[in-house]
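In what follows, a single structure is set out as structure tokens and then discussed.
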Amino acid sequence: MGRNYLTYYRWVDVAKGIGILCVVFGHAVNQINIENISNNLSFLRSMVYSFHIPLFFFISGVLLSINISWKEFIQKKVNRLIIPYFLNFLVISLTLCVTYYLLQFPHSFSWFNYVKAMIYGTIGQFMYQTGTNILNPLWFLPSLLLALIIGKFLLDIINLDFLLGLILVIIIVGIGYNIALQSIHLPWGLDIALVMQIFIIPGYFFKKLHYSQIERPSILIFVLSMIGFFFSFNINGGIESSQALFNNFYFFWLTAICASLAIYCLSAYLVHFSLIEKILSYFEKNSLVILCFHMVANIVIIYIAGLFPQIMEIYYSNIYFEFTFMLVISMVFIQIINKIPIMNRLFQL
């Protein structure tokens, strides 16, 4: 994708880097034994979960290009999202086969439900049926594909007739939210994709702002965004995007959109610090690899525990250790994938 001043901004790299670190942090907290989760850690997890997935949909809207044919659009998105999705399933499947052959299958593991989860796409819904949560983050990829397809369709309509397009956005989001309220989980996270148009569409129009406005946000925008975030988060609390649990719709949107704007302001400021920008841009560049493989740490730690039994207790009780270990495992996969050209091309989100 060409990165010129009209379609791409340096802050996006930083914001995505922050976003993927939030994803890893949230999943690390989820692995911690409940008795070791302090009130502060629980609060921080809820705060992160209130915006980290909507942030990626907002950024996807910023990067969304609709001035290409539908054939080219779908082909690009399938190559970037769905091929890595199934490829990751293959890699993890082989890893699980080796692991469970050596260590014996746990009674709760089900290959049938595992494959069903892969085909259905909404991984989180099958977590307790499959007996493993390693693949849970993958729900995001097919859901993002559907969200982008829906977003392009809506934006095509908006460009032709703004009022009609706006009405369609309201209808589609309303349908998605009502499906979520009934706890009906559609294949490939379609229900989530419908709701997330409230971030993709604003993200797309956000990039229409003048370049100077984007690159130099005012402190006032940051302050107002933070006030709006804490106000609405205090009312709505945390959410579970993968489960389509949004609580109050309006405060859910306000919380996440304010957080996205605040992170945009912060990111636009951080690009002026070379080292910080390089570090966060590294995580952004490899965000798909990190998303797909950071949970493999749960398998690796089993092998390490065979040599050092006490490390298992540390892993599931110390958030700093677990978060760092997940990043280290991700970086190992980054190095492996970067050495294989075809894999490197596939895992660039």
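Backbone N, Cα and C define each Cβ position, glycine as well.
Taken from TrEMBL, the feature domain 'Acyltransferase 3' covers 10-334.
Away from its own ends, the transmembrane segment (12-29) comes close to residues 37, 41-42, 44-45, 48-49, 51-53, 55-56, 59, 62-63, 136-137, 263-264, 266-268, 270-271, 276-277, 279-285, 287, 290-291, 294-295, 319, 322-323, 326-327, 330 of its chain (Cβ-Cβ under 8 Å, at least six residues beyond either end). The transmembrane segment annotation in TrEMBL covers 12-29 (among others).
Annotated transmembrane segment per TrEMBL: 49-70 (among others), in sequence order. Among residues of the same chain six or more beyond the transmembrane segment (49-70), those with a C-beta under 8 A of the stretch's C-beta atoms are 1, 7-9, 12, 15-16, 19, 22-23, 26, 76, 140, 144, 147-148, 151-152, 155-156, 159, 196, 199-204, 206-207, 229, 233, 236-242, 252, 255-257, 259-260, 263.
The transmembrane segment annotation in TrEMBL covers 82-103 (among others).
Remote same-chain residues near the transmembrane segment (137-155) are listed as 23, 27, 53, 56-57, 60-61, 64, 66, 70, 73-74, 77-78, 81-82, 84-85, 88-89, 121-124, 165, 168-169, 172, 188-190, 192-194, 196-197, 200-201, 204, 242, 291-292, 294-295 (criterion: CB distance under 8 Å, separation of at least six residues from the stretch ends). Annotation comment: TrEMBL describes 137-155 (among others) as transmembrane segment.
The feature transmembrane segment is assigned by TrEMBL to 162-180 (among others).
Using a Cβ-Cβ cut-off under 8 Å and counting only residues 6 or more beyond its ends in the same chain, the transmembrane segment (186-206) has close neighbours at 54-55, 57-62, 64, 66, 120-122, 139-140, 142-148, 150-151, 154-155, 158, 169, 172-173, 175-177, 179-180, 214, 241-242, 244, 246, 253, 256-257, 260. Look at TrEMBL and you will find 186-206 (among others) tagged as transmembrane segment.
Positions annotated as transmembrane segment by TrEMBL: 218-239 (among others).
Summarising the annotation, TrEMBL assigns transmembrane segment to 251-276 (among others). Beyond the ends of the transmembrane segment (251-276), by six or more residues, the same chain brings 9-12, 14-15, 18-19, 50-51, 54-55, 58-59, 198-199, 202-203, 214-217, 219, 221-222, 225-226, 228-229, 231-233, 235-236, 239 to within a C-beta distance below 8 angstroms of the stretch.
Within the chain carrying the transmembrane segment (288-308), a Cβ under 8 angstroms from the stretch's Cβ atoms is held by residues 20, 23-24, 27, 31, 84, 88, 91-92, 95-96, 99, 103, 133-138, 140-141, 315, 322, 325-330, 333-334, 337, 347-349, all 6 or more beyond its ends. The transmembrane segment annotation in TrEMBL covers 288-308 (among others).
The transmembrane segment annotation in TrEMBL covers 314-337 (among others).
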Could you tell me the mean pLDDT the prediction assigns to the domain 'Acyltransferase 3' (10-334)?
88
